[in-house]
Amino acid sequence: FFSISAMGKRRKRPQKRAALHDAGYHNALLEATYRMNPSLIPQMQWEAFRSALLQPLPTTFRLSCADQAESSAIVSALNDVWGPFVERADASWGGLGDGGSAQGGDDTSGCAPPSALAGAEEPGAAALQGLVPKLTQIPYYCPRQSAWRLEIPRHVLRRPGPQKAFHEFLMMETEHGGLSRQEEASMVPALVADIQPWCKILDMCASPGSKTLQLLDLLWDSAGNASCSRIEQPSSTSLPTGYVVANDSNFDRCSLLITRTRRLIQCTPHLVVTSHDAGVMPMLRDQLSHVVQYDRVLCDVPCSGDGTLRKDICVWSHWTPALAFQRHTVQRRILMRAMHLVAVGGLVVYSTCSMNPVEDEAVVLSCLRGRAEFTLVDVSSKLEGLWWSSGVQDWTVTDSRGATYSSWQEVPQDAAQSEGLLESMFPLGGAEPPHQPLDRCVRLLPHVSHTGGFFVAVLQKTHASDTDLKEARKRKLREEYYARVPQDLPSGDASSAGAASTDVPTTVPMNLSSSEHFVLVPTEIMDHIRRFYGIDESICNEQFCCRASDHRMQSIHMVSAEVSAMMRANPKLRVLAVGTRVLQLHSERNYRWTQEGIDVLWQALDGSRFVSLTEACLRLVL
């Protein structure tokens with residue numbers, strides 16, 4: 001028999017807790033890998049490192065810069081209401097100080113701590129004893145007062161008790177787009193990317209979207225919109241001219257990315273979500289087929305994830321050295337493609353949530369070999385107030401049998417084949433490579449930074465490569481050709497060409513790679529909408545598009561002028577989502593504004609459709 005109350009609900013699969021209990025919070029190979037690398041974890045710091053891995057992460061979140069009025073209100077609430085509220089917290093906060101179980105944690109993996117490890121036997125619970133709740137700003141994050149840390153783990157906030165009110169506040173503001181819950185270490189890659197308002201930004205492995213939201217926030221803030229709100233919209237001159245291309249190869253992960261980015265309404269006209277293999281990400285081109293390179297490329301690559309040990313205890317049982325070996329080649333592929341896509345003077349930010357040098361320094365060093373146009377950037381000035389360790393120049397590699405090698409020459413041939421070891425995983429391979437200042441890389445370690453494990457390296461392209469110079473010569477030849485064409489046309493051909501130009505189809509494909517490509521809204525429809533609502537001429541028709549599969553054009557999206565030009569010049573880009581949905585079909589040829597459309601465009605309306613309400617009428621409406 002089936003319970004009616006259970007019908008329609010997916011049953012939760014039982015967690016494999018027995019294996020975790022047998023292993024406990026130990027992994028012999030993982031500990032051997034790091035103990036054999038004193039350059040990573042000095043012997044005198046080992047106990048502090050091991051102890052930090054057993055402590056839960058604090059709760060961290062970041063405020064949105066898109067609406068300064070709302071952001072200021074949240075800051076005031078944090079300082080005046082929630083700060084004192086947290087300071088008054090005691091052991092009643094979900095069992096703080098009483099050795100309560102940490103079961104029911106909010107790890108991103110969805111794997112809760114095993115019940116067999118509950119109580120006093122659970123290291124996570126022991127770490128909670130004596131923990132003092134404290135709400136503070138993250139000092140090095142810019143804009144100031146935009147990032148906050150609460151010295152209480154997320155799973156404690158979810159428990160019944162006085163802290164539940166603060167958890168509900170965070171959930172409500174997250175849903176409204178006022179803040180984003182994001183691990184502190186995860187904020188560093190976008191922070192050191194030096195985002196400017198004109199930057200064309202590529203997030204190569206974007207899902208689940210926390211870094212994409214941060215990039216959009218920083219792009220918006222860099223254009224001088226920090227003083228603007230939804231009530232006081234920015235002028236067209238203060239809008240950023242750059243955009244963010246958020247890419248992920250997995251369609252389901254892209255869906256999650258799209259859902260999260262919709263919360264940042266004002267910034268989404270500058271966002272394009274694509275789905276390509278990051279290792280073969282297409283090159284952008286302009287209207288004349290010239291190559292267009294990105295100013296900033298973020299590569300937060302897939303990794304073994306051993307830096308997430310503090311929030312995902314499943315890593316303790318699942319981690320093996322083979323995970324790093326398997327991902328090393330993929331990581332090199334993605335980073336090398338990023339270096340090909342970035343413009344001269346641009347930055348490539350490479351990051352992983354791994355502490356393993358096979359996935360970190362080894363990838364960076366092997367990609368820099370023979371690439372004299374790139375150099376590692378010192379970002380220490382952007383992280384003042386954050387404790388971190390420098391990248392290492394030497395390391396050893398431990399295989400799944402526990403054997404340790406300090407150079408490629410020491411690896412037996414059978415071990416190389418069976419373990420998947422490569423020369424690029426070692427600091428020195430064959431001939432002495434050119435020196436690279438790997439100490440400019442940033443290592444965030446749990447016992448040093450009070451975060452999860454993380455690695456960040458920033459590469460700058462200082463001059464053009466041979467490939468860039470060849471493309472520049474092609475560009476010059478094309479420009480010379482197009483400059484001659486109008487003069488060489490006979491008068492008859494010129495007139496016919498002019499006649500043909502007026503016969504351009506109203507539905508111009510913006511993306512031809514799938515059935516879900518976007519097209520421009522026909523001119524007659526946009527002219528009708530423009531006349532009816534009185535849309536300002538500063539917003540051009542080319543900024544409005546819809547899905548080609550939406551034959552009735554029920555939803556119209558708006559993008560920035562720069563995004564529109566980019567999409568029309570790159571029809572083979574596999575676009576899944578773009579811009580902000582601003583108009584919805586109400587009846588035949590009649591469109592109504594969506595709520596997010598009003599937020600984005602209301603100041604561009606002439607006011608002919610505005611209605612003034614008295615207080616009495618407003619009370620009736622509410």
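For all residues, glycine too, the Cβ spot is worked out from N, Cα and C.
Nobody curates TrEMBL annotations by hand; they come from automatic prediction.
For Cys353, the entry in TrEMBL reads active site, nucleophile. The Cβ of Cys353 (active site, nucleophile) lies under 8 Å from the Cβ of Ala185, Ser186, Cys303, Gly305, Gly307, Thr308, Gly452, Gly453, Phe454, each of these being in the same chain and 6 or more residues away along the sequence. According to its DSSP assignment, Cys353 (active site, nucleophile) is coil.
Note on Asp248 (S-adenosyl-L-methionine binding site): other Cβ atoms within 10 Å of its Cβ, all shown chains, come to 26. Residues annotated as S-adenosyl-L-methionine binding site in TrEMBL: Asp248, Asp277, Asp300.
The compositional bias 'Gly residues' annotation in TrEMBL covers 94-103.
Here TrEMBL flags 104-118 as compositional bias 'Low complexity'.
Taken from TrEMBL, the feature domain 'SAM-dependent MTase RsmB/NOP-type' applies to 114-462.
Per TrEMBL, region 'Disordered' is recorded for 94-118.
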Largest inter-residue Cα distance among Asp248, Asp277, Asp300 [record-listed S-adenosyl-L-methionine binders, Å]:
14
Within the chain of Asp300 (S-adenosyl-L-methionine binding site), which residues six or more apart in sequence place their C-beta under 8 angstroms from its C-beta?
Pro189, Asp203, Met204, Cys205, Lys211, Ser351, Thr352
Tertiary neighbours of Asp277 (S-adenosyl-L-methionine binding site) (same chain, Cβ under 8 Å, six or more apart):
Ser249
Averaged over the whole of the domain 'SAM-dependent MTase RsmB/NOP-type' (114-462), what is the pLDDT?
87
